[in-house]
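What TrEMBL annotates here:
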{"type": "BINDING", "residues": "G8, L9, S10, G11, G12, V13, D14, S15, M34, G123", "note": "ATP binding site"}
{"type": "ACT_SITE", "residues": "C99", "note": "active site, nucleophile"}
{"type": "SITE", "residues": "H124", "note": "site 'Interaction with tRNA'"}
{"type": "ACT_SITE", "residues": "C195", "note": "active site, cysteine persulfide intermediate"}
{"type": "DOMAIN", "residues": "204-272", "note": "domain 'tRNA-specific 2-thiouridylase MnmA-like central'"}
{"type": "DOMAIN", "residues": "283-357", "note": "domain 'tRNA-specific 2-thiouridylase MnmA-like C-terminal'"}
{"type": "SITE", "residues": "Q341", "note": "site 'Interaction with tRNA'"}
Amino acid sequence: MAQRVVVGLSGGVDSSVAALLLKRQGYEVIGVFMKNWEEKDEEGACTSDADFADVRRVCEVIDIPYYTVDFAREYWDRVFTHFLEEYKRGRTPNPDILCNREIKFKAFLEFALSIGADKIATGHFVRSDAPQGKPRLLRGVDPGKDQSYFLYEVPAAALGRALFPVGGMTKAQVRALAAQEGLATAGKRDSTGICFIGERNFRQFLSQYLPAQPGQMLDYHTGRVVGQHMGLMYYTLGQRRGLGIGGDAQGDGRRWFVIRKDLERNVLYVAQGEDAPELYSGGLIAHGLHFFDPDEAREQFSCTAKFRYRQGDQGVRVTRTGPDEMRVDFETRQRAVTPGQSVVLYDGEVCLGGGVIDQVLD
């Protein structure tokens, strides 16, 4: 009897091809579209309706059953409230990471198991294996699309239940196969923006949930007022665009960058020059640790790390400083390492795990 696999279908090309490949491989495939956000986009259109229409067309071509499941409450309680709390603290969270852990590999997995699934599958560009029965997360073969950074918090047990059919393909191969099979999503552009919420005017969107508190923008070196910020939550370290001050602004003509946020005084500090020394750090402290294999969480070890998606690997030295804390020292100083984002650790192709950046060290 064929194994039953429930595929999370987003209405995009990657998950569409994932479902197609599984059907070809002889699995009993069921498509599920997750609806996690009720609000319409800025043009008044419900983007989830358009995405579900694409899901329906794809499933009809592949000839698999499909359903919709509503996780709006789970998304609000487990992901979005945390997202808002982090912004209140002046940090820059990555909701996609939490969304994967709490929705796609928890709520969705639980639903799939409740309807008799043996496995779940997604369109993520990652791979997995399980030597000696221990699930491992591996990078996708397309270095420009690898999404292991976003999945480092997925529990090992959930990873062991998951299939990633497109992880061994390039994006170009995925699109070519979708076009060859006549899938409606073949030419659909990749989604960007907040997980499940989509592309929006971020300031306008965030202001619906958090009151903005404008304040002074000061030159980090002189303390001179160079402008006004619209609310600290709208800015992140290293940011250049959207500051509202020209290269001059009584300065030396170079562009301004965000250096620091002072929540107590509601002050945004900026400095001129993309390579301002204040933007660089030599290490970090992280909490909220997750390792796929606890044996890998040694007291001290060297590996590589990413501090943001699409960043190249950086050499680091990791020291465990507590049950849920680690210090990560960089081989070379790093630019704009940001509290609230994640540091994700690698040993070659294997994603070891990571943690949430809590503090940046000089």
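Cβ from N, Cα, C; glycine included.
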Looking only at C-alpha atoms, tell me how far H124 (site 'Interaction with tRNA') is from C99 (active site, nucleophile), rounded to the nearest Å.
13
Sort H124 (site 'Interaction with tRNA') into helix, strand or coil using the DSSP assignment.
coil
Structural state of G12 (ATP binding site), classified by DSSP into three states:
coil
DSSP on the domain 'tRNA-specific 2-thiouridylase MnmA-like central' (204-272): how many residues come out helix, how many strand, how many coil?
7 helix, 23 strand, 39 coil
Around M34 (ATP binding site), how many other CB atoms lie within 10 A of its CB?
22
Pairwise Cα distance for Q341 (site 'Interaction with tRNA')/the residue listed as 'active site, nucleophile' [Å, integer]:
14
Measuring Cα to Cα, tell me the gap between G12 (ATP binding site) and the residue listed as 'active site, nucleophile' in whole angstrom.
17
Give me the CA-CA distance between M34 (ATP binding site) and C99 (active site, nucleophile), in Å, as a whole number.
12
Determine the Cβ neighbour count for G8 (ATP binding site): the number of other Cβ atoms within 10 Å of its Cβ.
25
Per-residue Cβ crowding (10 Å cut-off), top of recorded positions S10, D14, C99:
D14
Average the pLDDT scores across the domain 'tRNA-specific 2-thiouridylase MnmA-like central' (204-272) and report the rounded value.
90
Could you tell me the C-alpha distance between the residue listed as 'active site, nucleophile' and D14 (ATP binding site) in angstrom, no decimals?
18
Give me the count of other Cβ atoms within 10 A of the Cβ belonging to Q341 (site 'Interaction with tRNA').
24
